[in-house]
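> Can you keep this structure in mind? I'll have questions shortly.
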Amino acid sequence: MESLLLPVLLLLAVLWTQAAALINLKYSVEEEQRAGTVIANVAKDAREAGFALDPRQASAFRVVSNSAPHLVDINPSSGLLVTKQKIDRDLLCRQSPKCIISLEVMSSSMEICVIKVEIKDLNDNAPSFPAAQIELEISEAASPGTRIPLDSAYDPDSGSFGVQTYELTPNELFGLEIKTRGDGSRFAELVVEKSLDRETQSHYSFRITALDGGDPPHLGTVGLSIKVTDSNDNNPVFGESTYSVSVPENSPPNTPVIRLNATDPDEGTNGQVVYSFYGYVNDRTRELFQIDPHSGLVTVTGALDYEEGHVYELDVQAKDLGPNSIPAHCKVTVSVLDTNDNPPVINLLSVNSELVEVSESAPPGYVIALVRVSDRDSGLNGRVQCRLLGNVPFRLQEYESFSTILVDGRLDREQHDQYNLTIQARDGGVPMLQSAKSFTVRITDENDNHPHFSKPYYQVIVQENNTPGAYLLSVSARDPDLGLNGSVSYQIVPSQVRDMPVFTYVSINPNSGDIYALRSFNHEQTKAFEFKVLAKDGGLPSLQSNATVRVIILDVNDNTPVITAPPLINGTAEVYIPRNSGIGYLVTVVKADDYDEGENGRVTYDMTEGDRGFFEIDQINGEVRTTRTFSESSKASYELIVVAHDHGKTSLSASALVLIYLSPALDAQESMGSVNLSLIFIIALGSIAGILFVTMIFVAIKCKRDNKEIRTYNCVSVSLCENPNAFVFYLNACILLTAELINSFD
């Protein structure tokens, strides 16, 4: 069941975890603690590290991987890291300098912690010897300084709690020299310090004590029995006391490792040397190597695997077959050479190892996948370099125990909705081994695109007097997102047209973008108007954009010209001209207004009926002039029908009857200078009227002030003072007289 849940949890981590959410937590606990011992409060430490833990979640953490699930675990609700049973470091890691349990856990907020728990060693073991008694035979000819290796004591504890030293009691003739092996373990060599004499004493008994580095130290003892024998003239001698050789892993059986040679100049059995393993050579080493007792050739007998063990120490002794032989000893250190025999292994931690989904809105640094790459080889052979192949917006970030694939660029589903990623892992061996893992990354859609109008500005031209409900134009906006994120609806942005809501002028179909007129437009009132159309998608939150629509209303010839001059009464105007007017005399000017524009509003004039033989009209400016002179016998009045018509496609017109009356003739000189004389006369009359007006006001004021003191007035003054209405009448008469004179001269 756990194997099924693990990929699911990792997939959630892939989808939500970001690089910033990955931290390392380190703890330690001493061995031999009882089950249930709290090592640390991971939830508290993670929260202090910035993790957003939801207190409402029942489960704070989930274990993604655990190198020792039978020893430690995290309480899913409290986040406490606890022991599940008593931990024996010596059994778990033997004598390794470091004993680490690794966990990778994921919080309920989809954040990842890498937890390292170091198991601290306790000095809970005493050194022990492989046998209760060590028996040695030493020739009385052994000279001072002769060294004989002794069986080593074994202490399961590591580091300083392992065997540190040996003591010999008593130590009159012999001493001990402490040496260190390649794996850090220590052993003792018995050293002859004084000459031996078998006739004086042939047997010695000692006690060897092995002590560890604890405080206080633990110790183990063994008895040492030494028998002094008659001398054998010559003893075997190795050329070196130590030898170092190497052999490749996976070497076949009987592969030679080293041929040892100890020389003994004696003859016969006294000079015949036999070889054997001696002392501290464990059973596993004896399974992997053997030594030929006669030739001294060390060969491979088992399957050497560097990943299992890469250094072996062989204690070899050479002894002749003569009586009282003193054996020679040497140490052979065999280093197993790692060969690049293991290719990297790539594991994609996901529910579906072939497909990963990520949102196109994922920012740079967003983790999309967890990758674990392993290589059982060591050194350069096991040093793996990973990379992503191809030019893709992702990158690989390596950590201590796994790697992550992160977003490394902008993702846009509308441009690229799928990527095929290939992870390549290469080791540093010779020849290099490599492996590859391919999977697909599918980009999921987000509402990240605004609707885009086909153009930002639309314009439509429509004639006035259109039918309400008439189709005007269509606007169109496209959104490349999927589903509701890409569905577009339209609406008109509220605004005013001539102080009226735009909704009273136009409407829009929210689905198609078709725009319709809601009223009949009038060019003379509104020549053009603008409004904005909003396009919204269906995403949450929705995105929008707008475009401007301009409606231009074309003029239609729907207004008839209106004659404004000369003034008409019931369609008739009366004009007076002097009887002695000459040819070209300006009779009147016909003016007409047309509210249309362009040709529809351009007005020209014509005479259609009446006394057209005496007058002519200018078609452009409407001036009516005489075409002949009038005599005393000419009739007193003339009639003209004038017409003002526009130039629309269907021309509209207005007509008026102009009655022209001849006034009494003036002489030619007066006629010629009529304008100047009239102007002078008007100025004179105006001045007189003004003087009279000021005089009357002055008289009225004076009458009011001096009515009681002054009793004698001229008749006008008395009349005006006693009757104010007479004063007003007199003033109005002056004004009317002046106005009448001005009109008569016009």
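Using N, Cα and C of the backbone, Cβ positions are placed for all residues, glycine too.
What TrEMBL records for this protein is below:
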SIGNAL    1-21  signal peptide
DOMAIN    28-129  domain 'Cadherin'
DOMAIN    130-238  domain 'Cadherin'
DOMAIN    239-346  domain 'Cadherin'
DOMAIN    350-453  domain 'Cadherin'
DOMAIN    454-563  domain 'Cadherin'
DOMAIN    569-672  domain 'Cadherin'
TRANSMEM  679-701  transmembrane segment
> For the domain 'Cadherin' (569-672), which partner among 28-129, 130-238, 350-453, 454-563 gives the most CB pairs under 8 Å?
454-563
> What is the three-state DSSP composition of the domain 'Cadherin' (28-129), stated as helix, strand and coil residue counts?
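Once the DSSP states are binned, the domain 'Cadherin' (28-129) shows 11 helix, 38 strand, 53 coil.
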> Per DSSP, what is the residue count of the domain 'Cadherin' (454-563) in each of helix, strand and coil?
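Computed counts for the domain 'Cadherin' (454-563) are 7 helix, 52 strand, 51 coil.
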> Could you give the number of helix, strand and coil residues in the domain 'Cadherin' (569-672) as assigned by DSSP?
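Output for the domain 'Cadherin' (569-672) reads 8 helix, 49 strand, 47 coil.
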